[in-house]
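Encoded as structure tokens, the structure appears first; notes follow it.
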Ligand SMILES: Nc1ccn([C@@H]2O[C@H](COP(=O)(O)OP(=O)(O)OP(=O)(O)O)[C@@H](O)[C@H]2O)c(=O)n1
Ligand SMILES: C[C@](O)(CO)[C@H](O)COP(=O)(O)O
């Protein structure tokens, strides 16, 4: 059991480093593999979303390549619970040390998990197994799987089989590997010699005991083009398409501009509301929440909470999209209809589509924005306010 500084067994602070500074050479292609999509979502985004949604992890810190900031911003972006990335090094081992030093400077955690950005199918049950073993006193814990094929040792040109190896003592190793933070940092700082391919090897070199827990066969590392194909196939086969709808109304009050679908439009009035009153993004946020049966915008951002006063509504929409991604899903299409006599929506439709596509991280052709009047009938016809309807399709 981990003993806190005051001698109690308080819940330890758990950080998770996600190393993603590799080049992905074995996966081929131009873009480093961590930024390439699996069933529509960039692999690193999947990994970070999953880890950030686990209650047993307090902090998630990505470690990325020096030249990868544009890819990180465009393919991953901000994720609630994920710290801004730090830069890694030329090898996985060097990248882990960069991440550990960053955590040490920011206020060291008690426990650290080190996970490959290239393992997007990490499960909370496996992470909990690692953390429980650490809390029970281990300084180093790795998830492992049995070897299920017969293993041969072959000669160098691989044409002659020399022997059959005893596979009962062999294990396939996964991440996240978990450690007492101070012990892993010391071991990494002291590491010498040839590159070590996992953190357990760094601990072994330092003379520490490493314990094993059961890994998870689903938690594969995406390494080759075939791994991408298989991951795509598995994800798509396991998902279904769902639809949600949203509706919202805001009334006018004195002012000089309205914000609709993230675009500010000069007008003779503004929309009243607790946030920026962006009726289009509110309807769309509700549609996405509806598609994953996750309540409505008021459940996530209560109007009674002063922190959302005047908030820009892109935050609400991003949160809904993050929830979809945390379930391993993707928003596939959205369609918003704005209902008002004025202002004229037509000249702003493309800017609205682009803004929504940017927030959701989808292509502009997956976003439709339409507008209609109610022929001067009803409250929208009388110019008392604006209504919006939205439909969202997601694959989860
Ligand atoms: N200098 C490096 C090299 C690797 N990694 C990370 O370590 C994890 C496991 O490494 P691997 O699958 O071997 O990734 P790459 O090194 O990118 O792949 P390749 O060897 O095919 O180039 C990956 O998430 C990778 O981004 C890292 O952070 N820094
Ligand atoms: C750490 C690791 O994921 C354990 O299986 C793996 O060793 C890292 O990747 P590599 O392909 O061995 O560099």
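Cβ atoms here come from the backbone N, Cα and C positions, even for glycine.
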In TrEMBL, divalent metal cation binding by 248, 250 extends, among 267, 274, 282, to 282
Distance check against residue 297 (4-CDP-2-C-methyl-D-erythritol 2-phosphate binding site) for the recorded positions 26, 221, 274, 282, 373, keeping those with Cα within 10 Å = 282
Taking the mean position of the Cβ atoms of 248, 250, 282 as the divalent metal cation site, which residues outside that list, in the same chain, have a Cβ no more than 8 Å away, listed in sequence order?
-> 249, 271, 273, 277, 278, 279, 280, 281, 283, 386, 387, 388
Do you know offhand how many angstrom separate residue 167 (site 'Positions MEP for the nucleophilic attack') and residue 250 (4-CDP-2-C-methyl-D-erythritol 2-phosphate binding site) by C-alpha?
-> 67
Using DSSP with the three-state reduction, classify residue 275 (4-CDP-2-C-methyl-D-erythritol 2-phosphate binding site) as helix, strand or coil.
-> coil
